[in-house]
Amino acid sequence: MNYDLLLQSDHWLSLNYSKTFIRAISMSISDPSAAQTPLLDDTIDGCLDYKGRPVRRSSSGCWISASFIIVVEIAERFAYYGISSNLITYLTGPLGESTATAAAQVNAWNGAASLLPLLGAFIADSFLGRYRTIILASLVYILGLGLLALSATLGSISSSGGQNADDIALSSSLQFQVILFFSSLYLVAFAQGGHKPCVQAFGADQFDTQDPEECKAKSSFFNWWYFGMCAGTLTTLSILNYIQDNLSWVLGFAIPGIVMAVGLVVFLLGTMTYRYSVKGDEESPIVTVGRVFILAVRNQKTSYSAIAAEEEARGILATESSKQFKFLNKALLAPDGSKEQGEVCSIREVEEAKAVIRLAPIWATSLIYAIAFAQSSTFFTKQGATMDRSTAMMGFEIPAASLQSFISLSVVLFIPIYDRIFVPLARALTGKQAGITLLQRIGSGMVISTISLVIAAVVEMRRLKIAEEYGLLDKPNVMVPMSVWWLVPQYALYGLADVFTMVGLQEFFYDQMPNELRSVGLALYLSIFGVGSFLSSFLISAIENLTSGDGRDSWFANNLNRAHLDYFFLLLAVLSAVGLTLYVCCTKYYIYARWGRTF
């Protein structure tokens, strides 16, 4: 344990109780009725209400406030998956792209949508604050969705021109439609970049980590947050994909915009109940952390004996944390030996910088999981489109993209089991507040994801064999007589993996960052899937180039009966196993940062 930080924490708590005591005495003098209230009132230090007044625990935050925030997240996920889940179908259909090109486009867009939160988190934590950033991002989101529906309207007009329409005019109209479509698409990605990290961080901010009960509730918040996300996604995949495939793409893009507008209204209704973190005049926490690295580099010639002397002078005891990344301790001294304010870093600032750098190995080894995760909205969907999707209902076929609903359904079913049964049982056995550590939770999901990829490869081998047996290898438009329900296990296991890894990564990157950088922490979590999507796009393009040519069909041939998605899934399973091994090695050296949480 870092005793120096503990002493600082005790000093901070004593100051808080002193301030609370003085505040209570002042209230009793100014208002005699206040004398009837407990001496220590229930105001929360470091938080204000919507009018800038001290906020009371009893009338703010917790699940009441979190509920409003979860609703806007459900609306945002409904809108996002209303686009992403069926995007490959729109690109290969109305826009006429090849399967490999469309998959690369989907991965590139998902990657941008997952990396832009780094920019949104920086703006929120350094300038606007989370609440204002959420409102601004939601408005841009609604604008992007409206323009997306407009681009689909142009496509409908162009297709209705028929053979009598002027070819040049149709070509020009198609070009404008494509430009407007992708501009709108990336506007949505930009809006999601501001929305995603701030909403979840703002929701978690409604729970006070200094209160044992609220700290425990915050752990459940991340579980139920993901439950709400998947409930919104499940609704999207059950209803919206059918509308897009069978009724109208215009309506399919317009409905998410309407839902997003409703979500924004609900979020604003909760304004009076929220807890807003106090942002002082101090410099950006990102700048503070950056200064630690800069000073450490500038002091690279400083001897470790000088650092040891400085640590001893400050009363820093040797701990695991102080020994790890010891080069950052050089930021405690100025290059010229000066100790003036502003020229050296505090112990806490150095510890915050170490907390950030400790996340790098976990971030890097989670990328393989993100690459595997990207396949559920691309090749899994194309795989299902070739299979028998008929149901007992006369004339009704399950939209291929709707198969992703089994991921959400698996999450919705298992989250309550995990939160209400698994965690209490594990807590009784391990004595840990969350049952198992966050790193153990993340690793468990990686194992399940690897198993899912192996099953996906086996099912694809079976599909290709049936296509060969029925003479369908060169008939890509003919349904393969194999039920689409064969795909359910791989989707369901993906959902189970998400309960462990996705939720675990969210809570991990939130809790392991200092309070001022928690939006950035969640943005770093999202960037795993952004970089993973880009790596998936690169991997697909590389394999496409290596396996095509000389009259051969590539692994991703437009005729999936001649393609080899099974090889690709097996390759991903091997990479996932390697990634899991590296992840386990990294976790052995990880030291948890304790910002008011016990693991």
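If you go along the chain as it appears here, the first residue is 1 and each next one adds 1.
Here the Cβ of each residue, glycine as well, is placed from N, Cα and C on the backbone.
According to TrEMBL, the feature transmembrane segment maps to 61-83 (among others).
The annotation transmembrane segment is assigned in TrEMBL to 103-122 (among others). Here the transmembrane segment (103-122) has Cβ contacts under 8 Å with residues 80, 84, 87-88, 91, 97, 133, 137, 185-186, 188-190, 192-198, 201, 286, 374, 377-379, 382, 519-520, 522-524, 526-534, 536-537, 540-541, 556 of the same chain, all six or more residues outside its ends.
Here TrEMBL flags 134-154 (among others) as transmembrane segment.
Annotation source TrEMBL lists transmembrane segment at 174-191 (among others).
A Cβ distance under 8 Å defines the sequence-distant neighbours of the transmembrane segment (224-243), meaning residues of its chain 6+ beyond its ends; these are 70-71, 73-78, 81-82, 85-86, 200, 203, 251-252, 255-256, 399, 401-405, 407-409, 411-412, 415-416, 419, 495, 498-499, 502-503, 506. Feature annotation from TrEMBL assigns transmembrane segment to 224-243 (among others).
Sequence-distant neighbours of the transmembrane segment (249-269) (same chain, 6+ residues past either end, Cβ-Cβ under 8 Å): 68-69, 71-72, 74-76, 78-80, 82-83, 86, 90, 94, 134-135, 138-139, 141-142, 145-146, 148-149, 152-153, 155-156, 236, 240-241, 243. The transmembrane segment annotation in TrEMBL covers 249-269 (among others).
Per TrEMBL, transmembrane segment is recorded for 356-378 (among others).
Sequence-distant contacts of the transmembrane segment (398-418) (same chain, at least 6 residues past either end, Cβ-Cβ under 8 Å): 81, 85-86, 88-89, 223-224, 226-227, 230-231, 233-234, 237-238, 241-242, 244-246, 376-377, 380-382, 384-385, 389, 391, 484, 487-488, 491-496, 498-499, 503. The feature transmembrane segment is assigned by TrEMBL to 398-418 (among others).
Through the fold, the transmembrane segment (438-459) approaches residues 362, 366, 369, 372-373, 375, 380, 486-487, 489-490, 493-494, 496-505, 507-508, 511, 566-567, 569-570, 572-573, 576-577, 579-580, 583-584, 587, 590, 599 of its own chain, all at least 6 residues removed from its boundaries and within a Cβ separation under 8 Å. Sequence annotations record features per position, and here TrEMBL assigns transmembrane segment to 438-459 (among others).
Using a Cβ-Cβ cut-off under 8 Å and counting only residues 6 or more beyond its ends in the same chain, the transmembrane segment (522-543) has close neighbours at 100, 103-104, 107-108, 110-118, 120-122, 196-197, 200-201, 359, 363, 366-371, 373-375, 505-506, 508-510, 513, 554-556, 568. The transmembrane segment annotation in TrEMBL covers 522-543 (among others).
Beyond the transmembrane segment (567-591), the same-chain residues lying 6 or more positions past its ends with a Cβ under 8 Å from any Cβ of the stretch are 320-321, 324, 358, 361-362, 365-369, 371-372, 375, 379, 439, 442-443, 446-447, 449-450, 453-454, 456-457, 460, 543, 555-556. What TrEMBL records for 567-591 (among others) is transmembrane segment.
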